[in-house]
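Student: Attaching a single structure in structure tokens format; questions to follow.
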Amino acid sequence: MVKETTYYDVLGVKPNATQEELKKAYRKLALKYHPDKNPNEGEKFKQISQAYEVLSDAKKRELYDKGGEQAIKEGGAGGGFGSPMDIFDMFFGGGGRMQRERRGKNVVHQLSVTLEDLYNGATRKLALQKNVICDKCEGRGGKKGAVECCPNCRGTGMQIRIHQIGPGMVQQIQSVCMECQGHGERISPKDRCKSCNGRKIVREKKILEVHIDKGMKDGQKITFHGEGDQEPGLEPGDIIIVLDQKDHAVFTRRGEDLFMCMDIQLVEALCGFQKPISTLDNRTIVITSHPGQIVKHGDIKCVLNEGMPIYRRPYEKGRLIIEFKINFPENGFLSPDKLSLLEKLLPERKEVEETDEMDQVELVDFDPNQERRRHYNGEAYEDDEHHPRGGVQCQTS
């Protein structure tokens, strides 16, 4: 039992979630609420990052489960939180704060794929908009020699204001310079490049050919190094494609195995059957249960080498795992004579010798709402006893 579930609720997972479930939840939420896509959801992005930072660390998670958020804040596991952007970059293959200072931002895109795509391999063309250095001004933003140091921030890109918060007490506030928008330099409007309007970069359409190899997994990243947004003075970042697998109507993937449920009739469970299965590469395989091989409800069997191809070893495959569900016939499907004949064919049932101490009871269909209705009626009855209701009386003349 955990002390509180706030972090689990933020990620939308249960307290017993596995690391894979935590990663999947963080990946989807972080991409959805990233400041680049949702500038107004900064606080939500921060909460998601903090929750994942704690729950993805075994020691911090144990501490949180026992003592809640307060235990984390008190520093029992190296308290305090990292930068949400650092967590995002490390998760998606970028790096920490120091790397972002030397390189442009990584651009992360989610690519929806089917289980068939991951089984057979596929190629997708993805059209993206990215920043590239303006070739008209070669990334200067204007004419040669037109760029000058911003006098307001002295080239730092930051302004420092002193704010008095009490007698003898001042607060130093650092903010982005409004004069140069944090660039540390400015260009006279008449000297600005007409192509980029002094921004040094322009938007350009980029077509990426994404190769999805056989056996790739949900959440796997495909990185295009140096294809991210360009910025003067910085090495271009990467474009990172994150595969997001859609649910399949028949199969569920479990590592290298494929799992499915199969309904069979009672006669098939007792007397054998043949069942066709359409595979993800459009083949049809036939599974056989021979007469005399009894299949019980909930039995799990498998077909070797019919699961998912193994990544980078596509000629090897996992297992196709099948769980069987038995469909029993409806009441009265046999006449009394045929039922008696069937009983003679089946293994003998055990008879119970009744004694005087035994009571005969009747089996009825279970109604899950019966207890709820009885509980509700009981409360209403008690309420009437403690608070008799005065009904509106009819007028008499």
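Every residue gets a Cβ built from N, Cα and C, even glycine.
Okay, so Swiss-Prot annotates it like this:
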- CYS134, CYS137, CYS193, CYS196: Zn(2+) 1 binding site (BINDING)
- CYS150, CYS153, CYS177, CYS180: Zn(2+) 2 binding site (BINDING)
- 6-68: domain 'J' (DOMAIN)
- CYS394: S-farnesyl cysteine (LIPID)
- SER83: phosphoserine (MOD_RES)
- SER335: phosphoserine (MOD_RES)
- 352-397: region 'Disordered' (REGION)
- 134-141: repeat 'CXXCXGXG motif' (REPEAT)
- 150-157: repeat 'CXXCXGXG motif' (REPEAT)
- 177-184: repeat 'CXXCXGXG motif' (REPEAT)
- 193-200: repeat 'CXXCXGXG motif' (REPEAT)
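On this model, are these features tucked inside or out on the surface, and what's nearby?
Tutor: The Cβ of CYS134 (Zn(2+) 1 binding site) has GLY141, CYS193, SER195, CYS196, ARG199, LYS200, ILE201, VAL202 as same-chain neighbours under 8 Å, each 6 or more residues away in sequence.
CYS150 (Zn(2+) 2 binding site) falls outside any helix or strand according to DSSP and counts as coil. Every protein chain shown contributes to the tally, and the Cβ of CYS150 (Zn(2+) 2 binding site) ends up with 18 other Cβ atoms within 10 Å.
Taken as a whole, the domain 'J' (6-68) shows an average pLDDT of 87 in this prediction.
Using a 10 Å radius centred on the Cβ of SER335 (phosphoserine) and all shown protein chains, the other Cβ atoms total 9.
Sequence-distant contacts of the repeat 'CXXCXGXG motif' (193-200), counting only residues of its own chain at least 6 positions beyond either end whose CB sits under 8 Å from a CB of the stretch, comprise 133-134, 136-137, 139-143, 187, 231-232.
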Student: Rounded to an integer, what is the Cα-Cα distance in Å between CYS137 (Zn(2+) 1 binding site) and CYS150 (Zn(2+) 2 binding site)?
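Tutor: Between the Cα atoms of CYS137 (Zn(2+) 1 binding site) and CYS150 (Zn(2+) 2 binding site), the distance comes to 20 Å.
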Student: Take the mean position of the Cβ atoms of CYS134, CYS137, CYS193, CYS196, the recorded Zn(2+) 1 site. Which other residues of that chain put their Cβ within 8 Å of it?
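Tutor: After dropping the recorded site residues, what remains is ASP135, LYS136, GLU138, GLY139, ARG140, GLY141, GLY142, ARG192, LYS194, SER195, ASN197, GLY198, ARG199, LYS200, ILE201, VAL202.
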Student: CYS137 (Zn(2+) 1 binding site) has how many other Cβ neighbours within 10 Å of its own Cβ?
Tutor: 24
Student: Rounded to an integer, what is the Cα-Cα distance in Å between SER335 (phosphoserine) and CYS177 (Zn(2+) 2 binding site)?
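Tutor: Distance (Cα to Cα, whole Å): 90 Å.
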Student: Let me check the 10 A CB neighbour count of CYS193 (Zn(2+) 1 binding site). How many other CB atoms are there?
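Tutor: Step by step: centre on the Cβ of CYS193 (Zn(2+) 1 binding site), count other Cβ atoms within 10 Å, giving 21.
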